[in-house]
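This report refers to the structure that appears directly beneath it.
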Amino acid sequence: MPPIPAEPTENISIFHPKVLLLSAGVTTSLFFGYKFYKRYIKRIRTYLDLTPSIIENNTKLYGYVTRVGDGDNFRFYHTPGGWFFGWGWLRKIPTTRKDLKDETLMIRLCGVDAPEGAHFGKPAQPYSKEALYWLREYVDGKYVTITPYSIDQYKRVVARAQIWKWTGRKDVSAEMLKVGYAIVYEGKAEAEFGDNEDWYRKLESRAKLLRKGVWSLGKNLTTPGEFKRIHYRGE
């Protein structure tokens, strides 16, 4: 009995439309997969992970405040994807200094300056403790969204910080201005406001009119900028 003829094989060139279409599909999938990974999965561990595009595009980052160190800055642990990607229930956030080492960003609140605490033997400004306690109560141990604007000379990420409260999403810098525990940043070279400078100044003017916080000091008020020039720069 003669053998059954084998099915003829098709010699497909790498330039065949089917091959080109498949290659294009794989390449596209890899490209968008990588973009998705960078945007929603990859953790930003330190300021060194912040690419120029993240800064230039003011890419929002979601994360957890692990520590408030001063009246206008805090430590931020990036949790990309938030609850939907398991943070807080499947993926645990470190709690010890050892485990958090080289895993957080130091965030400097944009557009504002809080009273200086006691550092290096220098005295503390009035309302520095109140500002620190207020910020701790407001953001410490909570999730926030930051919008990075720049990295300052101390390797801090100057950013807008927003947090959800029962009354809606709040701008942390704006809330500090409202209660008079910060003033609008006076420096020119490193000032970052996003699109909020006019709004911040209006909030400051209202707090000043109502003599909130530091504005209750009246003529005895030394702004944080003036205080730093006197005590840290010898002016």
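Cβ atoms are placed via backbone N, Cα and C, with glycine included.
Values in this document were obtained by computation on a predicted structure and should not be read as measured data.
As written in Swiss-Prot, here are the features:
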type     : residues : note
ACT_SITE : ARG108   : active site
ACT_SITE : GLU116   : active site
ACT_SITE : ARG156   : active site
BINDING  : ASP113   : Ca(2+) binding site
DOMAIN   : 59-217   : domain 'TNase-like'
TRANSMEM : 15-37    : transmembrane segment
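A Cα-Cα distance of 14 Å separates ARG156 (active site) from ASP113 (Ca(2+) binding site). Around the Cβ of ARG156 (active site), a 10 Å sphere holds 17 further Cβ atoms from the protein chains shown. The 10 Å shell around the Cβ of ARG108 (active site) contains 25 further Cβ atoms across the protein chains shown. Around ASP113 (Ca(2+) binding site), the same-chain residues six or more apart in sequence whose CB sits under 8 Å from its CB are ASP72, ALA182, ILE183, VAL184, TYR185, GLU186, THR223, PRO224, GLY225, listed in sequence order. Taking Cβ-Cβ distances under 8 Å and a sequence gap of 6 or more within the same chain, the neighbours of GLU116 (active site) are GLY71, LYS122, ALA124, GLN125, SER128, PRO224, PHE227, LYS228, HIS231. Over the domain 'TNase-like' (59-217) the predicted model carries a mean pLDDT of 95.
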